[in-house]
């Protein structure tokens, strides 16, 4: 059966209709995007070029920074362009591509953050077996699982939307093509699809967050037997990771766990996990990490 598609493009309301505010947003988000790309790529180059940063934790951090660069690029350029121009339209094909790309990279990041928590658990709770457990082969395999999981998650999200008929209106109350705003303009009952979105996005975020929280409870419990210096170093590393986890997971859970509806605050939540968190990750991970900062100094003085 053919799916009626009278709409060839969508008009996105963005963050503001005020031209003065839009110009301010253009400057702000352009700066954020430049800082995001430069900061994350600096971490990737620093880790890949420094022999002292060859441990699993930095291997995963380099992959996270690589993902954040492209994850931010799935939303930020369009948001920046729409803040400058009045015609905030996006074709149906580009909308589907943006939806797939954002959920693909977001899914990879969710799984990778969980993998990084497992790496911290092994390093702190099983220090004598760390090198035998977290081998290069296992680390590469875990990253591969993250990419595969993100692809499957995004594929499901895309398939949920592709069969929907869009015959008008075509106004999306968002700055990016996302599931709930698209479901609102579909010309059919989308209640069941909304429940599937909650299952595929909301529950995945929630379950991964609960696993992360459980791993940190175990880590904190095991730190009682460590020395004061060991506790400080472990808490510094784990604290940075947990801040990143909270900044990414909490807005995602809020957006996708509630019953199908688009709330006004959803756009602000999307800004957190899609635009701001990729920028903050390099700062959070390197602010108190002397090894990374020393490697960066050597990189610039080489």
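Including glycine, each Cβ sits where the backbone N, Cα and C put it.
Note on residue 187 (disulfide bond): other Cβ atoms within 10 Å of its Cβ, all shown chains, come to 16. For 95-187, the entry in Swiss-Prot reads disulfide bond.
Within 10 Å of the C-beta atom of residue 6 (N-linked glycosylation site) sit 10 other C-beta atoms, taking all shown protein chains into account. According to Swiss-Prot, the feature N-linked glycosylation site maps to 6, an assignment based on sequence analysis.
Residues or ranges marked as topological domain 'Extracellular' in Swiss-Prot (evidence: sequence analysis): 1-23 (among others).
What Swiss-Prot lists as topological domain 'Extracellular' is 78-98 (among others), and the listing cites sequence analysis. Mapped onto DSSP classes, the topological domain 'Extracellular' (78-98) shows 14 helix, 3 strand, 4 coil.
Positions annotated as topological domain 'Extracellular' by Swiss-Prot: 157-193 (among others). Remote same-chain partners of the topological domain 'Extracellular' (157-193), defined as residues 6 or more beyond its termini with a Cβ less than 8 Å from a stretch Cβ, comprise 3-7, 9-15, 75, 78-79, 82, 90, 92, 95-96, 98-100, 102-103, 200-201, 255, 260-262, 266-267, 270, 274.
Averaged across the topological domain 'Extracellular' (257-267), pLDDT for the predicted model comes to 71. As annotated by Swiss-Prot, topological domain 'Extracellular' applies to 257-267 (among others), with the evidence given as sequence analysis.
Look at Swiss-Prot and you will find 24-47 (among others) tagged as transmembrane segment.
The transmembrane segment annotation in Swiss-Prot covers 56-77 (among others). Residues 29, 32-33, 36-37, 39-41, 43-44, 47-48, 98, 101-102, 105-106, 108-109, 112-113, 115-116, 119-120, 123, 134, 139, 143, 146, 175-176, 237, 270, 274-275, 277-279, 281-282, 285, 291-292 of the same chain lie 6 or more positions beyond the ends of the transmembrane segment (56-77) yet place their CB under 8 Å from a CB of it.
Taken from Swiss-Prot, the feature transmembrane segment covers 99-118 (among others), and the record attributes it to sequence analysis. Sequence-distant neighbours of the transmembrane segment (99-118) (same chain, 6+ residues past either end, Cβ-Cβ under 8 Å): 57, 60-61, 63-64, 67-68, 70-71, 74-75, 142-143, 145-147, 149-155, 157-158, 161, 176-179, 182, 201, 204-205, 208, 211-212, 215-216, 241, 244-245, 248-249, 252, 273-274.
Taken from Swiss-Prot, the feature transmembrane segment covers 138-156 (among others), and the record attributes it to sequence analysis.
Marked as transmembrane segment by Swiss-Prot: 194-217 (among others). For the transmembrane segment (194-217), the residues of the chain that approach it from at least six positions outside its boundaries are 103, 107, 110-111, 113-114, 117-118, 120-121, 153, 156-157, 160, 179-180, 183, 238, 242, 245, 249-250, 252-253, 255-260, judged by C-beta separation under 8 angstroms.
Long-range contacts of the transmembrane segment (234-256) within the same chain, counting only residues at least 6 positions beyond its ends with a Cβ under 8 Å from a Cβ of the stretch, are 57, 106, 109-110, 113, 116-117, 120, 124, 180, 197-198, 201-202, 205-206, 208-209, 212, 216, 219, 223, 226, 265-266, 269-270, 272-273, 276-277, 280-281, 284-285, 287-289. Summarising the annotation, Swiss-Prot assigns transmembrane segment to 234-256 (among others).
Residues of the same chain lying 6 or more positions beyond the ends of the transmembrane segment (268-287) and with a Cβ under 8 Å from any Cβ of it are 15, 29, 32-33, 35-36, 39-40, 42-43, 61, 64-65, 68-69, 71-72, 74-76, 79, 102, 106, 174-176, 178, 240-241, 243-244, 247-248, 251-252, 254-255, 293, 296. Under the heading transmembrane segment, Swiss-Prot lists 268-287 (among others), citing sequence analysis as support.
Around the Cβ of residue 95 (disulfide bond), the same chain contributes 10, 177, 182, each under 8 angstroms and 6 or more positions distant in sequence. Distance noted between the C-alpha atoms of residue 6 (N-linked glycosylation site) and residue 187 (disulfide bond) is 10 Å. Residues 5, 7-15, 22-23, 25-26, 29-30, 33, 158, 161-162, 166, 175-177, 182, 275 of the same chain lie 6+ residues outside the topological domain 'Extracellular' (78-98) yet bring a C-beta within less than 8 angstroms of a C-beta in it.
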